[in-house]
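Read through the structure below, which is laid out as structure tokens, and then see the notes.
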Amino acid sequence: MAVPHIQFSFAAILLLVLLSGCNARIHKLSLKNETRFAIDLNNFGFFANGTLNVSLSSLWLSDIVNYSIYPVGFSLSRSRVNGVLSYTAEETEVCPLTVTKTTNDEPLILFLIDSKNLGVNVSAMGVQDNFLIAKAKLDKPKEKKVTKRANGNGEPNDANEKPLNTNPKQDDGKGKEEPAENKNPNPAGEAKKVEEAKKVEETTFLLNSSVKPILALDKTNGLYNFSFLLVVGPKDQGLYSLKFHYCQNRVPGVKKPYALTVDVVEKNPGESYLSAAEIPLSRLYICMAGVFFTAAMVWVYMLMKHRYSVFKIHWLMAALAFTKSTSLVFHSINYHFINIEGHPIEGWAVMYYITHLLKGALLFITLALIGTGWAFVKYILSDKEKKIFMIVIPLQVLANVAYIIIESTEEGSSEYYLWKEILFLVDLICCGAILFPVVWSIRHLQEASSTDGKAAMNLEKLKLFRHYYVMIVCYIYFTRIIAILLKITMPFQWQWCYEFLVEVSTLIFFVLTGYKFRPASNNPYLQLPLDEEDVEMDEVVTESGVLEGISKVKKTSNGRERQKEPAL
């Protein structure tokens with residue numbers, strides 16, 4: 001048991017390191033030497049009047065790229081099939097930034113970065129009900145005028161213009177004409193005025209196919225930056241996908257590096273940082289935690305009532321139910337703080353991940369032990385059954401570590417997709433591995449029912465094991481496949497029902513498993529197999545002398561004696 005303890009300790013230390021940089025719904029992604037042609041920054045479900053704030057603080061691009069042929073920029077698309085499949089999933093051969101029209105009415109917004117003219121061309125397609133708030137690019141005449149004044153040496157350019165004072169220290173007694181804030185600097189007031197000036201510079205655009213605004217693109221030390229705020233209209237609420245595209249890298253054999261740092265903040269009405277499908281999850285998890293805790297208390301009461309028929313596996317099942325309830329409590333608290341703060345509180349998040357790690361390990365260990373019949377029928381596991389545990393426990397720890405990394409890593413990072421694939425593959429392996437002990441027990445019972453004289457009892461156990469096998473298969477298929485299929489067919493605001501179905505199916509599976517293997521004297525699974533000498537048998541003591549004709553009578557399995565005729 002030293003290996004599992006080491007693995008649990010390693011996983012706990014790893015999650016503490018990962019959570020130190022976790023920002024949850026307030027996203028900040030920094031990529032260097034990136035070569036991917038498309039980066040999925042985030043997916044978020046917006047209600048009406050939800051806001052998307054994107055700030056590209058730095059973007060480094062190669063100067064040899066022809067941006068007119070291979071554009072660079074962002075795409076914001078609403079899902080085509082209830083928030084799962086967007087238009088970008090179908091356009092695999094062409095760059096999505098080159099699309100000029102959509103085949104349906106789904107809203108699509110493209111932000112094309114023009115590094116040559118220092119502008120961001122916004123193209124809105126489909127039925128739009130969204131507002132865009134951003135700093136618009138200044139007209140060329142205004143730019144020339146400002147440049148002309150900036151290049152002067154303090155001399156008036158026109159007769160009506162006043163000279164610019166380039167040396168405030170040598171004002172020759174004309175300091176009275178300076179603004180009051182220059183005489184008495186007030187940092188707080190200046191910051192407030194700068195913020196107000198910034199708001200004045202921002203322009204609100206009602207997006208539609210006829211309006212094509214051009215946003216200002218600033219360049220500092222070779223790095224480009226701009227920002228925008230999108231307000232979702234009542235008609236366009238849904239699940240949106242924000243992506244960054246570098247179209248030249250879509251060409252085979254071309255891998256141009258680039259670097260970017262982007263901040264993304266999404267909000268729903270009511271200052272909620274959670275997606276539309278995640279808002280009910282906090283209440284859902286706390287309610288299900290109460291249900292699991294009630295079921296655990298009922299199970300403990302049953303164990304205390306039938307204490308003489310209780311085995312160690314029964315207490316392990318009780319520990320699993322309590323751990324599941326505790327994990328849901330911390331999960332609910334974690335979502336609550338994400339909803340109001342935009343990021344989890346590290347202490348609560350660590351407690352959730354620890355309980356989640358324990359719950360996952362206990363679940364597969366308990367299922368495998370029940371499948372092998374440990375403590376009920378036999379107290380020693382075979383070598384191949386021990387190998388199953390040596391495989392399942394490390395894989396389950398790896399799956400939980402992958403889950404923690406996914407939860408605390410930005411969606412746009414390359415590690416996110418790697419660990420997501422690892423989680424899916426390892427989870428399927430664990431689910432398939434726990435079926436082997438059940439299959440081995442079924443085969444053993446089939447062989448035993450045809451060889452010994454206890455066919456009735458073995459057939460009862462065989463029937464129970466087959467039911468348990470079907471239960472595990474149904475649970476795995478429903479939580480891994482059917483529930484996901486239901487999720488992609490639901491509207492975006494009802495996708496929380498996926499988590500509800502998973503938790504309810506887990507509760508039903510726990511209840512059925514406890515009912516099948518409950519500690520009761522009439523449970524066929526808990527009836528220990530009879531030894532060979534327990535079979536009713538007449539044993540002749542002697543055939544001569546005073547004890548001739550006397551036979552030894554043994555008790556039957558039901559405890560009653562049966563009178564035998566004297567031996568002839």
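Backbone N, Cα and C define each Cβ position, glycine as well.
Going by TrEMBL, these are the annotated features:
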- 1-24: signal peptide (SIGNAL)
- 143-195: region 'Disordered' (REGION)
- 169-181: compositional bias 'Basic and acidic residues' (COMPBIAS)
- 280-524: domain 'GOST seven transmembrane' (DOMAIN)
- 283-303: transmembrane segment (TRANSMEM)
- 315-338: transmembrane segment (TRANSMEM)
- 350-376: transmembrane segment (TRANSMEM)
- 388-406: transmembrane segment (TRANSMEM)
- 418-440: transmembrane segment (TRANSMEM)
- 468-488: transmembrane segment (TRANSMEM)
- 500-517: transmembrane segment (TRANSMEM)
Report task. Please indicate, using numbers and ranges, the residues of the same chain that are 6 or more beyond the transmembrane segment (315-338) and have a C-beta under 8 Å from a C-beta there. Result -> 24-25, 273-274, 278, 281-286, 288-290, 292-293, 295-296, 299-300, 303, 344-345, 348-349, 351-352, 355-356, 358-359, 362-363, 365-366, 369, 503, 506, 510, 513-514, 517
Query raised in the report: Who are the long-range neighbours of the transmembrane segment (283-303) in its own chain, taking Cβ under 8 Å and residues 6 or more past its ends?
Result: 310, 314-315, 317-318, 321-322, 324-326, 328-329, 331-332, 335, 496, 499-500, 503-504, 507, 510-511, 514, 518-519
Report task. Using a Cβ-Cβ cut-off of under 8 Å, list the residues of the same chain that are 6+ residues beyond the ends of the transmembrane segment (500-517) and lie near it. Result -> 284-285, 288, 291-292, 295, 299, 313-314, 317, 320-321, 324, 328, 370, 376, 464, 467-468, 471, 475, 478-479, 483, 486, 523, 525-526
Query - Tertiary contacts of the transmembrane segment (418-440) (same chain, 6+ residues out, Cβ under 8 Å) - result: 364, 367-368, 371-372, 384-385, 388, 391-392, 395-396, 398-399, 402-403, 405-406, 409, 465, 468-469, 472-473, 476, 480
